């Protein structure tokens, strides 16, 4: 019984230690297909390598939050960092600007990364 208690305490201590580690997310904004004006496409925001898991991600059109956005389930890598994919349908043109805004404990303020149609 004592051995079980010791093992349980070690597991709890190791898990609580993971919460102390913080890694800033890497943010990548890209379209599923090469951008063509007037042709429907998908805008993707891939956020990876972050810890802890609490994160807020918004896709933006001309600085305003896009409401109809879907996302993958929160997943983790071998190093226990997390990753997510947020995406929405959009139709590129020359007048609209698209971006991904991410809020995470490792950022002093939300970070916004613009979509570059040439990437």
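Including glycine, each Cβ sits where the backbone N, Cα and C put it.
The shown structure was predicted, so the numbers you read here are calculated from the model rather than taken from an experiment.
Taken residue by residue with DSSP, residue 45 (disulfide bond) is part of a strand. Residues or ranges marked as disulfide bond by Swiss-Prot: 45-100.
Marked as domain 'Ig-like C1-type' by Swiss-Prot: 25-114.
What Swiss-Prot lists as signal peptide is 1-20.
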Candidate with the highest Cβ count within 10 Å, taken from the disulfide-bonded residues 45, 100 = 45
Three-class DSSP assignment, residue 100 (disulfide bond), comes back as strand
